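Colleague: Straight out of TrEMBL:
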REGION    34-55  region 'Disordered'
REGION    99-118  region 'Disordered'
TRANSMEM  124-146  transmembrane segment
DOMAIN    129-299  domain 'Amino acid permease/ SLC12A'
TRANSMEM  158-181  transmembrane segment
TRANSMEM  202-223  transmembrane segment
TRANSMEM  256-275  transmembrane segment
TRANSMEM  282-300  transmembrane segment
DOMAIN    400-700  domain 'Amino acid permease/ SLC12A'
TRANSMEM  421-441  transmembrane segment
TRANSMEM  461-487  transmembrane segment
TRANSMEM  507-525  transmembrane segment
TRANSMEM  561-579  transmembrane segment
TRANSMEM  585-606  transmembrane segment
TRANSMEM  618-635  transmembrane segment
DOMAIN    714-832  domain 'SLC12A transporter C-terminal'
DOMAIN    846-925  domain 'SLC12A transporter C-terminal'
DOMAIN    979-1091  domain 'SLC12A transporter C-terminal'
C-alpha cells in the first residue's frame, strides 16, 4: 500500500484567480477565530484570499490529516485550480453595479469616500424596470404629434401604425428578455447584449447605431421642448418673425435653432456638473407624464356631457387661423351700425362695404363657427375613421360644409390653416416610431435590480403593454372627441394657438402644456446622460481604436469627452430644426438596434449553443425572425433612403472593426454560426473530389525554423500569398524536434512566430505545428493529417535544402527526398521554389518580363495553371507568359507548335508558344566528368561519415567500458541508410584485438583513396547527367532573363542508393537560373478546356 504525503508548496497560481472578473475570494476552511491568516484586505475594502489552495503552508500544518484523508488525491490539481468552496464564495460575493449614474452620484456626494463597498441591489420590478420604461417610452410624440397623426391617417390607419410599432417593440422585448435572462447582464444594455451575442463587429456597429439613436433622441426631445415653449408657453420670446404670410415656417425654424442650441448647452452643463440632479428629478418628470395622460382621459370622459368650448371659424369649408381676428363674422354691430369686422379688413381693401374690393372666395362663401371638441358622444368618430393626407401648403377643409369653389387671392393664404409638410402613411410611421422606443431602460439598470432575470422581462413587457393600450385608447379617444380639421391642425392655429391635445384635457389645457414641457425636458436630460455612458462603454471595450479617447473622463469616471461629442452630434439634429425630420432619423438607428437584438436571439436559439439557457422561456426563434422582419420592413416603410444610409454606416463600422479593431473573443453566436456553416460546408465537400473546373492549389507550406524559432525563409509565405491571392486553403506547417511532453511550450512559441509572420505576409490560412522525435516523421504526419474532410491540401510547397553539398550531415537532403516520395505516394502536387530569397516581395511590381514554362512531361496542367494564378496578383500582373516544350528528332516540331497554340486557345490562356528541338548528340566529356565527380564525392562522403562514426563509437566505448549496449545510429534514423553494415552487437570491452584492428583501418586509408580515383561512372547516371546538362543549356539560353522559370521536377529514383545523385541532377538542371519553381503534378487533371 503506497503512502502519500501532502507536501506544503508555495502557491503560484493565485493571481490568475484573484483577478477574475472582480470576484472576491472567501475561504470556507476556517470556522474558528483565526481568520487573519486566510483572508486579507487589498486596502479598498475588498477581501482577498492569501492562500486559496489546500496545500498552502497553514493548511498543511494545521489540517494536514484532514486533507490527507479527503483531497490528497487532487493535491496537484489544487496547485492550479480553486476548490469548489472558494469558487462558490467568489460567485456569491460578485456584485454588478451599473455603468450608469449610480457610482458617479456616489462620487459627487460630499461625504462619499473614494472607495466604497457596493450596496446590495434592491430595486424591484416596479421601480427598477416598469416606471423607467414608461418614462422612456412616453414622450414628445404623444403630446405634440399623435393628434395630428390621427387626423391625417384616420383612426383605422393610426391604429395600424400603433399596432405595427408596438408589435415590433414587443417582439424585440421578448428576444431581449431571453438574452437578458441568459446569465448576468452587466450595465450597458443593448450594446452589451448584442456584442456578447453577435460578436465585437456587430456589437460595435449596433452599439454606435444605438448611441447615435439616443443622441438624436436628445435632439428630438429638445426640439419638442422648444416647440412647446415658443408655440404655447411664451410665443413672445420668438427672435425671428415672418416678413410676409409665407415666411412663417423659415422664421420658426430659425427660432428653433437658436433656442435649441441654448437649451442643449444648458442641459449639457447640467449633465456635466452633476448627474445626481438628473436622477433626483427623474421622478418629477415621470409624475408630469402620468398627470398629463390622466388629464387627457379625464377630459375625454368629461366631454361626453360637458364638451370644452373651443370654436373653430370656417370660411366656406376652409379653416381660418383664429388669432388673426377677434370675431368670427364678416360684419359686427357697433353703436347700432353694421361695420366691417377685422376678418373683413383682412380679406378686403380699405373702403366702404359696398364698393370695397374683396377676395372672391371671401365674398361668395359664408363664415360659420363649428365646435372644435364635439365630445365623446357626438358621433364625430365616423368622419375621422379614414385618412385625409395633405400636400404641402394644402388648406385644411372640412368635408360636408357648403363651399363655392373659386380661386382666392394668394395674398390671403396666411389666413387659412394649411399643411406645413406633405404627409403619407410611410412618413407618419417614421414620425410615430420614436414614441414606441425606450424599451431598453430596464436592461440598462440591471445592476440595480434585486432579481434582474425576473424583473427585466416582466417589467419591460408590462410597460410595453401599458403604453400600447394608452396609445390605442388615445387614438380612439382623439378620433371620437375632436373635430377632424382640428386634429389635422398640427400647431393649434384654429384654436387660438392652443396645443391640440390640451383642448381635450381637464381641468385646463395648461396641465398638458406644462406637463409635456417638463417631461420632454426630462427625457432630453436622460438621453444626454445615457448616450455618453454608452459611448464610454464602447470605447472602454477597445474594439474601435479611434474611439479610445472617449473612454476617459473626469476623476469620478464621468465621460467628459463623450459628453462633448454627444453635444456636437445633438447640435446637428437641432440645426435640422424640424421634429418631423429628426424623428425618422432616430427611428432608423433604433430599428437597426432592435433588428440585431432579434437576430441575436434567433441565432443563439437555432444554434443551440450549450451556454444558451435563458430563464425566460416564452420565446421562439420564429418570433425573433418575425420581429427582425418587422424592424427591416419598418425601416424601409418609414424612409428607404434613411434606411440605406443607416445600413451603410453600420456596414462601414462593421468592416472597420473587422480590419482595424482589437481581437475579442466573447463566445458570441456569430462564431457558433460560422462553426455550423463550416461544418455544413465540410460535410457537403465530403461527397467527392472537386471537379477539374473547381480545382485550385490548396497549399500545405512546409517551413523551416531556426534555433530561435524564427521562420528561416519567409519568402516562401510571400510566394504562397501571391499564388493564392487570398483564395482557397493555406496551411502553414512546421516540425519541432523533440518530445511532446517536454516541448509543448516550444511548440506554442513556434506557432506564435509563424502566425506573426503569416500576418506580416498577409497569408490567410491556418498554422499547424507537429512535435516529433524525427523531422522526417513529423513531415509525414503533416502530409497525412493536415486539413479536415474535404478541406484538405492537394499541393505541398517546401524550400530547397541549400548547402546540402557542403554538409557532412545528410539529414537535410534525405528529408527533402523523403518528402518528395511522400507527396508522390499521397498523389499530391509538389512545388519547390529554388533561390526563394530572390523572389519578389508583395511590395515589388514587375513592369515587364516573362514567366517561362518549360513543359517537358504532362503533369495534369499544373504548369499551365500556376502562371495564370500568379498573374492575378499585382506583383506578376504585367509579366507575359511563354510556354516552351521540347521536341525530339522524330517529332514534327511545326505541328507540335500549332497543336500547343490551339490547346492554349481552348484553355483561354494567353501565352507565346515555342518548340525547342533537342538533337541527338554524343555524351560530352564535360558530362562524363561531371558524373564521375558526383559519384566520387558520394563515395568519399560515405567513408568520411563511416570513419566519423567509428570515432564516435570509440569515445562511447571508453565511457561505457563495462556495459553492453545495442548500437544504433549516431546521427538519426536517416543515418542507418548511410552506414552500409552497422554491427548488431558490440562488446564494449577495449581489447588488444580491437586496438590492432583500428590501427589496420588507419593504414588502409590511402588504399581507399586510390579506389576512389579508379572509379568508373555508372552508365545510367551518365545518361541522366547528359539530359540534365543538355536541358540546362537550352533553358539558360532561352530563359536566362525570365522573371520566373517553371520546370517539371523529375521524380526521385526508386533505389534509395541514388538519392544523392538525384540532388546533383536537380542542381545541374537549374544551374544559372535566378528564380526556378520546380513543379511535380499530383497525378490528376487540374485544368480543362470545357466550360
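Even glycines carry a Cβ here, placed using N, Cα and C.
Because TrEMBL annotations are produced automatically, they should be read as predictions rather than curated entries.
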Colleague: Please report, as numbers and ranges, the same-chain residues at least 6 past the borders of the transmembrane segment (421-441) whose CB is under 8 Å from any CB of it.
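Modeller: Contacts with the transmembrane segment (421-441): 129, 132-133, 135-142, 145-146, 149, 152-153, 157-158, 161-162, 164-166, 168-169, 172-173, 176, 189-190, 210, 213, 217, 220, 387, 389-392, 460, 463-464, 467, 471, 580, 583-584, 586-587, 590-591, 634, 637-639, 642.
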Colleague: Excluding the flanking five residues on each side, which residues at least 6 beyond the ends of the transmembrane segment (585-606) place their CB within less than 8 Å of a CB in that stretch?
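Modeller: Long-range Cβ neighbours of the transmembrane segment (585-606): 168-169, 171-172, 174-176, 178-179, 182, 190, 193-194, 197-198, 202, 206, 209-210, 212-213, 216-217, 220, 430, 433-434, 437, 573, 612, 619-621, 624-625, 627-628, 631-632, 634-635, 638-639, 642-643, 645-647, 650, 669-670, 672-673.
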Colleague: Per DSSP, what is the residue tally for the domain 'SLC12A transporter C-terminal' (846-925) in helix, strand and coil?
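Modeller: Per-class counts: 24 helix, 20 strand, 36 coil.
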Colleague: With DSSP as the yardstick, break the domain 'SLC12A transporter C-terminal' (714-832) down into helix, strand and coil residue counts.
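Modeller: Going by DSSP assignments, the domain 'SLC12A transporter C-terminal' (714-832) contains 57 helix, 25 strand, 37 coil.
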